[in-house]
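So Swiss-Prot has the following annotated:
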TRANSMEM  2-22  transmembrane segment
TRANSMEM  68-90  transmembrane segment
TRANSMEM  94-113  transmembrane segment
TRANSMEM  135-155  transmembrane segment
TRANSMEM  159-179  transmembrane segment
DOMAIN    241-271  domain '4Fe-4S ferredoxin-type 1'
BINDING   Cys250, Cys253, Cys256, Cys338  [4Fe-4S] cluster 1 binding site
BINDING   Cys260, Cys328, Cys331, Cys334  [4Fe-4S] cluster 2 binding site
DOMAIN    316-347  domain '4Fe-4S ferredoxin-type 2'
REGION    648-670  region 'Disordered'
COMPBIAS  659-670  compositional bias 'Polar residues'
Amino acid sequence: MLDILLPILIFSALALAAIGAVRRIRLWRQGRPSPVPVLRGLAAVPRRYLVDLHHVVARDKVMSNTHVATAGGFVAAMGLAIVVHGLGLAEGVLGWLLLAASATMFAGSLFVARRRRNPPARLSKGPWMRLPKSLMAFSLGIFVVTLPAVGVLPADAGGWLVALVLAAVVAWGLAELVFGMTWGGPMKHAFAGALHLAFHRRPARFSDKRGGEGRSTGLKALDLDDADAPLGVEKPADFTWNQLLGFDACVQCGRCEAVCPAFAAGQPLNPKKLVQDMVVGMVGGSDARYAGSPYPGKPVGEHAGDPHGPIVAREGTALVDAETLWSCTTCRACVEECPMMIEHVDAIVDMRRHLTLEEGATPGKGAEVIDNLIATDNPGGFDPGGRLNWAADLDLPLMADVERAEVLLWLGDGVFDMRNQRTLRALIKVLRAADVDFAVLGNEERDSGDVARRLGDEATFQSLARRNIDTLSRYRFESIVTCDPHSFHVLKNEYGALYPQGQDADYPVWHHSTFINQLIESGRLPLAPGQAQRVTYHDPCYLGRYNGEYEAPRAVLRALGMELVEMQRSGYRSRCCGGGGGAPITDVPGKQRIPDMRMGDVRETQAEQVVVGCPQCTAMLEGVVPPAGNEATAVKDIAEMVAAALDNTPPATPASHDTAASQATEEVLS
């Protein structure tokens, strides 16, 4: 009897899944075009799954092993079940392989069931709570019905009643895991996730065959000359089709929710919920069906679902509140933690672009900052002719005078800030101590455009960027060095797309911590370690998660003889200071302030100082008032730490200095 029922069940489930797949693909194709290399993408799926996806999953060893057993067992068991029971080819080892695959899957499902007994708050509930039962039903059912195929049990064991029961168990598993995979069930992520890996919007994120780490973090430029292209995203169809596919790949594990600084601060942003809102906006349904945790203080509702209907509005009457979008600091912690490699920040900035460019709805001081950038080329509205007033006593060489230098020192967006001027003075002292041939643009330098772009004003960003590019192209230099990770990021990763056709950004861009470390390692900047201090280092988001630089600042601190103690959240899991993405400008209230939480992390280390490498981090962390009875922890830029150490370093002899400088020049410029 099972010989008749099992092929019917298996091929019926596959047929219904195929119908659901076509329906789902049609929904994704409502999005804007996005060319992808189809065959190359499909061929890359195994490597992207086994290397890149599991690189994230493996951070939790237990869940990594569980996922390998459950997912690997299911794929193998389903494929073998089609051959053994669907096609009736049970000869040889195929039946035994199916037993092994289903047993492996069952073992993995036991761990899934254990995790679902007391799930952490970040895990979605609803249909996901029945997933362990479905996994166990399918794996156990397939295991038992395969025993007669390999001769362990007689073909008619148990009679027709047992056969019907086993067929019902297998049907339950097939309905949830195969049919439900393309009809919005908990296994939807398996179908959408595989295609998402193949047709990812950022294929450069994936590691290459040589083992190199992939990284693609620059925002995509809007084509402002295309009159038919939407200025940002108002409705699901305004996303590219593979962005919609990516949202559908969400496994609702809540890792993004757990690391989001805005969510932790009680602001109305939950990145997991936001991704599910994109799905709900496309296909409809109740938010509660898709997500376990709503936004802080936001009701859970229903949406009819329409790819061409608005999902964001300035007054918060649509599915996504404007306040949700403006709460994001663009720290990229959610993207870094996502095992499905979904691009939350891209989606948020896309919707911000609509609010800013189409509706002029930038909250807080956003409109004032953008007006200042347009009128004065700086966010504070200061006289652009006064960019170097603070450095009148430093006699800084100007590129307009020298036309050529080893290093172009990019002063950055905080050049008018008195606190940041102290950092710049320290960096200039370090460069001169290392005998670096550098020059500055002076009044020719404009704001990098970072804050305009993060606030959604792509037009102002592109205007600033193109004028800066025109200025840079007039001079000769070996590299750009800056102490601002935000300027560093846009210069390195976002300006390249705006260069005129036929021109390239043919210069490296260094964060000052990396450049200082190069100088130390090459012997160009000899340091005598001073008195050891207990310090902790705060990783700037735009240096660490955006650009993968974690080691150089720590190497500099070790060279200074510092006792470095790490915060619990450091490196790629560093907590944001709250200063990125224009968040201090839009100023969406929450239950607590993000920088207060970060300084709480600092106090737990009992460090004497917290070392930073970003002017925004400095401003945010220094603005924290310590709790009663606690002394304020000093906040120092890494350039200030090195400059202070220079006061304790005896000068090198002229001969040895010249030799070291010559060798270092060759190394830095090679």
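Yeah, the Cβs are placed from backbone N, Cα and C, and that goes for glycine too.
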Over the span of the domain '4Fe-4S ferredoxin-type 2' (316-347), count residues by DSSP class, listing helix, strand and coil in order.
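Helix, strand and coil residues of the domain '4Fe-4S ferredoxin-type 2' (316-347) number 14 helix, 2 strand, 16 coil.
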Determine which residues of this chain, when Cys260, Cys328, Cys331, Cys334 are set aside, have a Cβ within 8 Å of the centroid of the [4Fe-4S] cluster 2 site's Cβ atoms, and list them as they appear in the sequence.
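Leaving out the recorded residues gives Cys256, Val259, Pro261, Ala262, Phe263, Leu269, Pro271, Thr329, Thr330, Arg332, Ala333, His344, Val345, Cys576.
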How many Å lie between the Cα of Cys331 ([4Fe-4S] cluster 2 binding site) and the Cα of Cys256 ([4Fe-4S] cluster 1 binding site)?
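Each residue's Cα considered, Cys331 ([4Fe-4S] cluster 2 binding site) and Cys256 ([4Fe-4S] cluster 1 binding site) end up 11 Å apart.
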Need one number: mean pLDDT over the domain '4Fe-4S ferredoxin-type 2' (316-347).
92
Between Cys338 ([4Fe-4S] cluster 1 binding site) and Cys260 ([4Fe-4S] cluster 2 binding site), how far is it from one CA atom to the other, in Å?
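Approximately 12 Å lies between the Cα of Cys338 ([4Fe-4S] cluster 1 binding site) and that of Cys260 ([4Fe-4S] cluster 2 binding site).
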Out of 68-90, 94-113, 159-179, which stretch touches the transmembrane segment (2-22) the most, going by CB pairs under 8 Å?
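Looking only at 68-90, 94-113, 159-179, the most contacts with the transmembrane segment (2-22) come from 159-179.
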Tell me whether Cys256 ([4Fe-4S] cluster 1 binding site) sits in a helix, a strand or coil according to DSSP.
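Cys256 ([4Fe-4S] cluster 1 binding site) sits in a helix per DSSP.
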Listed binding-site residues are Cys250, Cys253, Cys256; which of them have CA atoms within 10 A of the CA of Cys334 ([4Fe-4S] cluster 2 binding site)?
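So far as Cα distances go, the binding-site residues lying within 10 Å of Cys334 ([4Fe-4S] cluster 2 binding site) are Cys256.
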Cβ under 8 Å, sequence separation of at least 6 from the ends of the domain '4Fe-4S ferredoxin-type 1' (241-271): give me the contacting residues as numbers and ranges.
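Sequence-remote neighbours of the domain '4Fe-4S ferredoxin-type 1' (241-271) are 24, 27-34, 36, 120-124, 128, 188-189, 192-193, 195-196, 199-201, 278-279, 282, 290-298, 307, 321, 323-325, 327-329, 331, 333-344, 346-347, 573, 575-576, 578, 583, 588-594, 597.
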Six or more residues beyond either end and a Cβ under 8 Å away: which residues meet both conditions relative to the domain '4Fe-4S ferredoxin-type 2' (316-347)?
52-53, 56-57, 189, 193, 196-197, 200-202, 205, 217, 219-220, 233, 239, 243, 246-247, 249-251, 253, 255-256, 258-262, 267-269, 271, 274-275, 277-278, 280-281, 295, 298, 303, 310, 355, 361, 363-364, 454, 541, 545-546, 572-573, 575-576, 578-583, 586, 588, 590, 594
